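Just below is one structure, and these are the notes that go with it.
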Amino acid sequence: MTELSRIRNFSIVAHIDHGKSTLADRLIQETNTVSARDMKEQLLDAMDIERERGITIKANTVRIDYTADDGQDYVLNLIDTPGHVDFAYEVSRSMRAVEGSLLVVDSTQGVEAQTLANVYQAIDADHEIVPVLNKIDLPASDCDRVAEQIEDVIGIDASGAIRVSAKTGQGIHETLEAIVHHLPAPKGTRDAPLKAMLVDSWYDAYLGVIVLVRIIDGTLRKGERIKMMSNGTVHHVDRIGVFRPAMQPVDELGPGEIGFLTASIKQVRDTRVGDTITHEKKGAETALPGFKPSQPVVFCGLFPVDSAEFEDLRDAIEKLALNDASFSYEMETSAALGFGFRCGFLGLLHLEVIRDRIEREYDIELITTAPSVIYHVYMRDGTMRELHNPADMPDLTHVDHLEEPRIKATILVPDDYLGDVLKLCQDRRGIQMDLTYAGSRAMVVYDLPLNEVVFDFYDRLKSVTKGYASFDYQMIGYRQDNLVKMQVLVNDEPVDALSTMVHRDRAEARGRAMCEKLKDLIPRHMFKIPIQAAIGGKVIARETLSALRKDVTAKCYGGDATRKRKLLDKQKAGKKKMRQFGKVDIPQEAFISALKMDG
């Protein structure tokens with residue numbers, strides 16, 4: 001049991017690639033928390049995909065013992081948070097579990113959009129913030145300019161910013177001293193009823209669900225019965241401990257401490273992130289503020305390329321859902337793609353990570369249908385329905401109006417590319433809310449429809465700015481707009497997997513582009529195939545794929561013209577009949593590329 005005055009809980013805030021996980025590695029190394037033999041790069045990023053993409057997805061934690069220059073022994077608890085916008089809720093609750101943050105900024109790059117988003121969350125959580133300028137060993141490093149930028153853009157004093165190189169280890173000791181002397185100790189009462197915040201949870205095949213907790217008040221011991229305050233479920237605590245980063249059992253956790261508990265919990269869904277844990281008897285009366293269950297934002301269909309792998313896909317998705325409470329799924333069937341699942345995600349990176357994990361860890365090839373968002377469909381009878389899949393759109397005669405989700409996008413971009421970025425946002429039906437300058441960079445704030453962003457906005461933004469722009473967004477609610485469902489018909493048959501929701505002004509251009517793309521991708525058949533884009537009963541774009549034909553008159557030498565005519569008419573009748581009964585095979589690549597179009 002550590003005295004409160006000797007505990008420091010902190011997180012590291014940074015944009016992707018600014019060196020957050022490397023700094024965490026150095027802090028662990030400097031304090032000999034892990035033996036030199038067990039040390040490896042990005043120690044806290046356990047998933048392969050985290051290491052490979054160089055991003056942190058789950059919040060990870062480590063307890064570091066440190067003897068400061070004043071001779072006192074301190075316990076430092078670091079929570080390494082994700083930096084990406086999709087995992088913003090993981091960030092916000094990790095922030096509430098600690099009292100201070102190290103703001104890591106790459107001294108060659110400066111402040112980026114996700115740095116801003118996460119710093120504002122830290123400020124909202126009343127954190128003390130210590131700025132750290134990283135990568136000072138690089139020749140392009142410019143600490144004075146970046147320190148000035150931190151003061152201009154974020155508005156915190158950066159005159160005493162610590163200059164470090166996480167790669168070489170320079171400045172790490174100063175960072176540890178700053179954590180001890182500048183960050184506040186946690187507050188809490190040992191004798192009060194137990195209040196613990198559930199920071200994260202994940203599934204372990206042997207122990208069941210492991211729950212990461214921050215004790216606010218009271219104490220937690222092995223063998224006690226605990227209650228989750230959001231759903232009232234009761235569990236018996238099997239073991240408690242701390243991470244150094246390996247699990248180490250302890251007898252009790254007291255106020256201000258961060259550790260884990262296991263209680264034979266079967267599913268991650270029973271442990272909701274941000275929930276309050278208390279004792280079953282004589283528990284706390286009120287829960288901690290700020291709990292909200294995470295809601296999926298982007299939906300798409302996942303189908304196996306080989307339909308025999310459907311059961312394997314089901315197993316894979318069920319196992320991933322055990323570990324990820326923000327990932328939802330339900331079965332769906334598609335006439336074109338067979339059996340699969342309709343899945344909900346927090347955002348596009350979350351979608352990519354899950355898809356990559358299924359393909360890599362379970363070795364299943366997938367087709368992903370076009371990502372779509374949740375629309376609100378207001379019916380004539382006054383009811384409101386949520387529309388997850390454009391193929392389920394009700395008949396327009398019963399619909400009063402549609403509303404789509406909007407986001408507030410913050411884009412940081414060098415001046416030279418500002419025009420291109422503004423044009424891209426206008427093209428995506430954006431409404432400009434703000435434009436400010438900080439040094440040679442502009443900060444643009446736009447109100448954009450989420451539907452226009454989920455497709456390929458991020459890729460387009462990176463390409464028009466040569467990769468220099470950074471982008472962050474948050475949901476701001478729903479607004480009515482003139483939206484229609486566009487269907488694609490191949491040989492007069494609607495293809496459900498290609499249905500999308502588009503704005504009426506855009507429908508024609510989008511439909512034409514899709515038809516042209518399909519015309520190139522579908523192989524020619526023995527009969528003529530019309531490819532059409534339609535809204536309701538009205539066709540707005542059409543391409544015709546011409547038939548392969550055999551030269552039936554080749555055998556006729558001279559002779560009577562009626563003989564040739566007869567053969568040609570016979571062929572024509574055959575083609576007509578074939579078109580009525582013929583099935584068009586649409587190859588898998590056609591789906592994938594038609595959905596990837598730049599619209």
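Backbone N, Cα and C define each Cβ position, glycine as well.
Per Swiss-Prot, the features are as follows:
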type	residues	note
DOMAIN	5-187	domain 'tr-type G'
BINDING	D17, H18, G19, K20, S21, T22, N134, K135, I136, D137	GTP binding site
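A simple way to gauge crowding: the CB of D17 (GTP binding site) has 13 other CB atoms within 10 angstroms, across all the protein chains here. The Cβ of S21 has fewer other Cβ atoms within 10 Å than any other of the binding-site residues S21, N134. Mean pLDDT for the domain 'tr-type G' (5-187) in the predicted structure: 75. All chains included, 19 other C-beta atoms sit within 10 angstroms of the C-beta of I136 (GTP binding site).
In the three-state DSSP assignment, the secondary structure recorded for G19 (GTP binding site) is coil.
Around G19 (GTP binding site), taking its Cβ as the centre, 23 other Cβ atoms fall within 10 Å, counting all chains.
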